[in-house]
Amino acid sequence: MQILQQLINGLSLGSIYALLALGYTMVYGIIKLINFAHGDVYMLGAFWGYYMINTFHVGFWTALILSMIFCAIIGVIVEFLAYRPLRDSPRIVVLITAIGVSFLLENGMSYLFSSSPRDFPQAMVMHRYHLGSLSISNVQVLILVTSIVLMILLQLIIKRTRMGKAMRAVSVDPEAAQLIGINVDHTISFTFALGSALAGAAGVMIGLYYNSIDPLMGMTPGIKAFVAAVLGGIGLIPGAALGGFVIGLVETAVQAMGFSAFRDAAVYGILIVILIIRPAGILGKTTREKV
Amino acid sequence: MKKNLKYNAIWLAIAVLGWVLINVFEGVGIIDQFAENTLVLIGINIILATGLNLIIGFSGQFSLGHAGFMALGAYAAALVTQAIPTEGGFVLGTVIGMLLAGVVALIIGIPTLRLKGDYLAIATMGAAEIIRIILVNLKITNGPAGLYGLPQLANWSLVYILVVVTTIFTVNFIHSRNGRAILSVREDEIAAESMGINTTKFKVAAFVFGGMTAAIGGALHANYIQTIAPNDFGIMESINILIIVVMGGIGSMTGTFAAAALLGILDMVLQGFGALRMVLYSLALILIMIFRPKGLLGTWEFSVKRLFNRTKKKAKEGA
């Protein structure tokens, strides 16, 4: 029973990592950039939700959708201003720019809204359901279900729409995609919008779950989500989802065993072991380089 | 050897001149306590960044775990100097830190350096985080609070000398036969391997060398700041060192010096802005990267030899 309980906790935490990891993996798949600012877009989403609920008294679902739209716009703006001028530069340079954007968002928000944590409004009354010794809150169910619905939607967009097809084409070969008339810049903007919208949704949901937000909240989940994306095989959408759930479960399991101080060490340890066994992640295919 | 004697003598003269100049400035009062502090931090950053530049810029391996090795050097030096608060203790602590960092780099490097690009980056980042978490949970390191009240054994003179020494060692290593092997791994691993170069060996060698120099930087940090905590050596510190390397120009030692100095001075100037400091710092970082994507100096390297030859050529043409 205890195991089942931890499984539920792990899955709801893991689905947040998975949502964030999807954003990392899509951006990586299309422009090979580790978008360090992604965790901070998630923070902005949480803050936007906070202001929408507190100032305009919108419901939870409205706040969620407004946050997703807001983050999508932020993602496109960041890409346009900071990453697009560096399209032909070495990747490590774009990476440093992404770190700069991340610093800017964190410190800008700390400067404007103070760095102290604030309570996230309870837009939804927390219920706990008891099934025997199991205890599940409605927020946990909501996080899990919303995440899975969003992931299915994402998969549909990528597999069934013209834009999704363009995204896949650009990630395979940007030049060839351009030759057959795909607007590469628009496609990249669209990818950022999609990834950032998912991060916004994750931000609002984590606000509701942990009940506290601050300008630096995106740092650690951002890095963990990136680890999740690498673990599953970066650039692969099912891999990101799998990696997120694995990391959520490992963290909860280590904590439940009473080693909470070593929680992060266990995550990184598993990452290193998996990378040594499968250098391209769990679902990644190792491509042999031909000479 | 004799051929290069002239250039080596000039380099030595430049190094001594720098030391004398700083001494004179300090005596006259142009460099106050505050500026000296900045100078020392720039020096420590140069030591850290040259090591990382060797790994990233010259061997082409993307490491995001430099702060982990720095932490090993810092803690080794701190623990030894707590027991033996003399210069000898500092030397002993630094040497122990370097050996420890070297061994750990070997253990981390052998399995992970098979990985490529971003996978390697994330694996080294994970390894450094594991080092940090172990430091948080050990008794001897005093957990998350860290060690404080350490003897101040490092001053700017010592930092200056160690900057010169590590730079000479690193540059000579790059220009040696082994160093050229490392460069060939960066240019094309498969071609290097087909020429009979043991690529794994040289990648690990660069990684171990870089890790050991990071330990020196860490030891100086511990005995200058006098307080260390595991959180000083987190991902952010690794990223700060990476920023210096990329901003200076990947694969340019001169660039590393320039970027460390520029960022140090920027940091000092921005102290007056209070809370706005980090906002301006991050804006400066983004703008520098957008307008100078190759780094401040690209792959350009300052060379006395070239300068000398050029002036000689000009003199000939003039005659």
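For all residues, glycine too, the Cβ spot is worked out from N, Cα and C.
Just so you know, TrEMBL annotations are computer predictions that nobody has curated.
The transmembrane segment feature in TrEMBL is assigned to A:7-31 (among others). Sequence-distant neighbours of the transmembrane segment (A:7-31) (same chain, 6+ residues past either end, Cβ-Cβ under 8 Å): 38-39, 41-42, 83, 87, 94, 134, 136, 140, 143-144, 147-148, 150-151, 154, 167, 170-171, 187-188, 191-192, 194-196, 198-199, 201-202, 205-206, 209, 221-222, 224-226, 228-229, 232, 234-237, 239-253.
Distant neighbours of the transmembrane segment (A:51-80): 37, 41-42, 44-45, 101, 121, 123-124, 146, 188-189, 192-201, 203-205, 208; these residues of the same chain sit at least 6 beyond its ends, with a Cβ under 8 Å from one of its Cβ atoms. Taken from TrEMBL, the feature transmembrane segment covers A:51-80 (among others).
Residues or ranges marked as transmembrane segment by TrEMBL: A:92-114 (among others). Note on the transmembrane segment (A:92-114): residues 31, 33-37, 39-41, 43-44, 47, 78, 82-83, 86, 215-216, 218-219, 222 of its chain, located 6 or more positions outside it, place their CB under 8 angstroms from a CB of the stretch.
Sequence annotations record features per position, and here TrEMBL assigns transmembrane segment to A:134-158 (among others).
For A:188-210 (among others), the entry in TrEMBL reads transmembrane segment.
Beyond the transmembrane segment (A:225-253), the same-chain residues lying 6 or more positions past its ends with a Cβ under 8 Å from any Cβ of the stretch are 6-7, 9-26, 28-29, 34, 38-39, 151, 154-155, 158, 171, 263-264, 266-268, 270-271, 274-275, 280-285. If you look up TrEMBL, you'll see A:225-253 (among others) marked as transmembrane segment.
Look at TrEMBL and you will find A:265-284 (among others) tagged as transmembrane segment.
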Cβ contacts under 8 Å made by the transmembrane segment (A:134-158) with residues that lie 6+ beyond its boundaries:
1, 4-5, 8-9, 11-12, 15-16, 18-19, 22, 64, 124, 126-128, 164, 167-168, 194, 198, 201-202, 205, 208-209, 237, 241
Could you tell me what the rest of the chain brings near the transmembrane segment (A:265-284), counting residues at least six beyond its ends with Cβ under 8 Å?
224, 227, 230-236, 238-239, 242-243, 246-247, 250-251, 254, 259
